[in-house]
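Chemist: Have a look at the structure that comes next, please.
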Amino acid sequence: MTTNTVSRKVAWLRVVTLAVAAFIFNTTEFVPVGLLSDIAQSFHMQTAQVGIMLTIYAWVVALMSLPFMLMTSQVERRKLLICLFVVFIASHVLSFLSWSFTVLVISRIGVAFAHAIFWSITASLAIRMAPAGKRAQALSLIATGTALAMVLGLPLGRIVGQYFGWRMTFFAIGIGALITLLCLIKLLPLLPSEHSGSLKSLPLLFRRPALMSIYLLTVVVVTAHYTAYSYIEPFVQNIAGFSANFATALLLLLGGAGIIGSVIFGKLGNQYASALVSTAIALLLVCLALLLPAANSEIHLGVLSIFWGIAMMIIGLGMQVKVLALAPDATDVAMALFSGIFNIGIGAGALVGNQVSLHWSMSMIGYVGAVPAFAALIWSIIIFRRWPVTLEEQTQ
C-alpha cells in the first residue's frame, strides 16, 4: 500500500505521527539544557562540567549520522523506524536508572545513535507519505513538531524535572516514545528505501558549491547559537539572578517565538529565503551581543528571547529547505550530512560555552557567541551574492 492508494486522512495521520516523533527526538536532545543545574546537584558536580554531556551527544550524532545512514540504506524504513525507537526507549530507561554521571552519558549516547538515523530519513519519509501536492505542508508539519519541542517539550521537561526530579523527565520521554512507536506500527505501510544515496553520492554532493556553502554556514551559525543557549538556564539563575520559574518561562517564550518564525518563513520563504536567512542571522547576532546587558531586567530578557527564537527557527528552516532542494537525488545522504554538521555546531557551541563558563565567566557566553554569529552573517552575504539565483534552483 502506498500513499497514492490511501485516503488523505490516513496519509496526514502518518505525517502527523512522524511530526510527533520529531517532537520527541528534539525534546530529548534539548531538554538537558533546562536540567543542567538539577543533574549537577544530583551528581555533586559543577553545572559547566555536566554541560559536556551536550557536546558528547551532539558529536556522536555528527560522527554517526552518515555511517549509520549508509549502513541502513537498504533497510525497509518501517522496520528501521521500529528498531531505532526500541533503542531510543531502552536508552531512556537507562537514563532514568542511571546511578552515575558516566552511566547517564552512556544512555545519552544510545539516544544519539537513534537520533543519528532518525533525522537522516525523516524529511524524505514525510515527503513520500504526504497527500498529493502537499509535500511542503508535510515538511512544515515536521518543522512544527521541531518547534513545539522548544515551545512545550523543553519547558515541560524542565517543569517535570523541577517538581519530580530530572530522572522522571527522561522516563516520561520514554513513555511518549513508546506510545508513538505503537502508532507507527499501526499506521505505517512497508516503506522500501528510495533515493537514499550511497557513498557514490558523496563526491557528487561535494561538487555542489552552493550546498557546501550552506553546510559551512550551518555549522558556524549553530555554533554561535549554542555557545549561549546551552547555558541559558544557569545564566538566568546565576548571572541574571532570576528565579528557576523565570528560567522556565524564558525557555517557553524562546521556544514559542519559534512558531512565529515558522509562520514568517512559511509566508515569505519561497520568494525571499536568502534575505530571510541573512536577516535572521543579523538578528541572532544582535541578541547574543545584548544578552548580558539585557540580564538586568526580566522584561528585556523576555523581549530578547522572542527575537532570538524567531531568528533561530527561520535559520533552521532555511537551511533544511535549501539542502533538500539542492540534493533531490540523494536526500537521505544530504540530510544525514546536514544532521551531522548541525550537531557539530551544537557540540562546538556547547563546548565553547563550557570552556568560557569554566575558565572565564558564564556572563561572557553571549559576547563569545556573537563572534561566530558575525562570521556567519558575512558568509551568508557572500554566498547569496555569489549565487544570486535562489539556491533552491541551484542543482549543481
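Quick reminder: no glycine exception, Cβ is built from N, Cα and C everywhere.
Below are the features I grabbed from Swiss-Prot:
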type	residues	note
TOPO_DOM	1-14	topological domain 'Cytoplasmic'
TRANSMEM	15-35	transmembrane segment
TOPO_DOM	36-49	topological domain 'Periplasmic'
TRANSMEM	50-70	transmembrane segment
TOPO_DOM	71-80	topological domain 'Cytoplasmic'
TRANSMEM	81-101	transmembrane segment
TRANSMEM	103-123	transmembrane segment
TOPO_DOM	124-135	topological domain 'Cytoplasmic'
TRANSMEM	136-156	transmembrane segment
TOPO_DOM	157-169	topological domain 'Periplasmic'
TRANSMEM	170-190	transmembrane segment
TOPO_DOM	191-208	topological domain 'Cytoplasmic'
TRANSMEM	209-229	transmembrane segment
TOPO_DOM	230-245	topological domain 'Periplasmic'
TRANSMEM	246-266	transmembrane segment
TOPO_DOM	267-274	topological domain 'Cytoplasmic'
TRANSMEM	275-295	transmembrane segment
TRANSMEM	299-319	transmembrane segment
TOPO_DOM	320-332	topological domain 'Cytoplasmic'
TRANSMEM	333-353	transmembrane segment
TOPO_DOM	354-363	topological domain 'Periplasmic'
TRANSMEM	364-384	transmembrane segment
TOPO_DOM	385-396	topological domain 'Cytoplasmic'
Chemist: Return yes if the transmembrane segment (364-384) and the transmembrane segment (15-35) have at least 3 CB pairs under 8 Å (sequence gap of 6 or more), otherwise no.
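Modeler: Counting Cβ pairs under 8 Å (6 or more apart in sequence), the transmembrane segment (364-384) does not reach the transmembrane segment (15-35), since there are fewer than 3.
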Chemist: Check the transmembrane segment (246-266) against the transmembrane segment (136-156) for contact, please; criterion is three or more CB pairs under 8 Å, pairs 6 or more apart in sequence.
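Modeler: Contact between the transmembrane segment (246-266) and the transmembrane segment (136-156): present.
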Chemist: Count the CB pairs under 8 A between the transmembrane segment (136-156) and each of 103-123, 170-190, 209-229, 299-319, then give me the winner.
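Modeler: Per the Cβ count, the answer is 299-319.
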Chemist: Looking only at the recorded stretches 15-35, 103-123, 170-190, 333-353, which one has the largest tally of CB-CB distances under 8 Å to the transmembrane segment (209-229)?
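Modeler: Between the candidates 15-35, 103-123, 170-190, 333-353, the best contact partner of the transmembrane segment (209-229) is 333-353.
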